[in-house]
DNA sequence: AAAAAAATCAGTATAAATACGGATGCCGTT
DNA sequence: AACGGCATCCGTATTTATACTGATTTTTTT
């Protein structure tokens, strides 16, 4: 059986080397390179075309983890990224998941969990620990501030705007004047501090209003 | 210790009753009502103010599970919804998570898993089985079709539109004529099959282009 | 080398959105 | 009874966006 080839990307040398030593214990895993940022990572990836995955830190100089995830995704790379981060905020986790991370581990994870994750990911499956998934889902369903920001009518109008209806069409559908809808729209834009409808829709989706 | 009070909402009577019988075995769980749709659910919730959670089916007549989730969220209800569905599509799972579901179970889940989930949720924690979380994350990170749909320039322009910049502002920033940006915008809208910018931004965020 | 796609620019006309300024009646809270 | 938030409506003017029909050049793909 050929070992799982991987690269460790982290700007902290001690952590990088420690992880490397730690993984030597496992015969089915082979670390082919240790790199300190995203740029060097992609250089190494060109040399080693058979790398299966990357253990990826988020906070790195030059080219950070998020950029690496994005680049891998855009290049349609077969390399599977496992994020190893010290941040356990839903924000970070959701972004990584969205950008193609196969797993998200905290730096205080024990090695059993790490090797388990590596093996699962090597089978092409994504694996997020229930506690990590919980944090992400909590973040996704957050609506705290936005909860009572908009009135019910405003929420309704916002939904129709996002559907691509024009002011006139919305007015017709809600049996009110176009003026009313225009005012609603203006108020919604003001409340979400957007410049125009485009930004409004973006902000609204960000805080789960749509 | 007071038992965990819950309501079962499912339009299939057999399933409803079966679940009820099944839960009788557990002393710490008490089913206070069986309902066939969302409307009846809310009637029952008014009668029983001490209900801790709802086992909720998605596909129901009159008022379906998604609407129930939304309504609970909008009312800031303390009732914790656990979705029990037969659909294991990431689409469904992500929507439920986003709308405040505390868990998502498949109808073929074994009872060990069910009672475990009920107890976890009763402690106020959300719990998504790794396999369910995996499906959701796969969906979230999906970009297959959209991957090469837009050119790089178009992606760039789209990003600036979403930021709230007008055509003129974008043109200035990219050192091209307003005409160019107008064309780009029109092409992007066409490619994403949107009616206008508002819907464009919504669709673009849905498929992770922004 | 030929074909396809991407990026650039244009005219003309209409439709829609935004920015100002107002206004009224309703409803719930203080 | 007074107040603020909400939903409703209006005028005027300007700015933006959209629809339609084009075009050229460069780059990429076949």
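Every residue gets a Cβ built from N, Cα and C, even glycine.
Annotations in TrEMBL come from automatic prediction, not curation.
Here TrEMBL flags A:5-122 as domain 'Response regulatory'. According to TrEMBL, the feature 4-aspartylphosphate maps to A:57. Taken from TrEMBL, the feature domain 'HTH luxR-type' applies to A:143-208.
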Secondary structure content, the domain 'Response regulatory' (A:5-122) (per DSSP, counts of residues): 52 helix, 26 strand, 40 coil
Cβ-Cβ neighbours of residue A:57 (4-aspartylphosphate) (radius 10 Å): 24
DSSP residue counts for the domain 'HTH luxR-type' (A:143-208), split into helix, strand and coil: 46 helix, 0 strand, 20 coil
The domain 'Response regulatory' (A:5-122) [mean pLDDT, rounded to integer]: 92
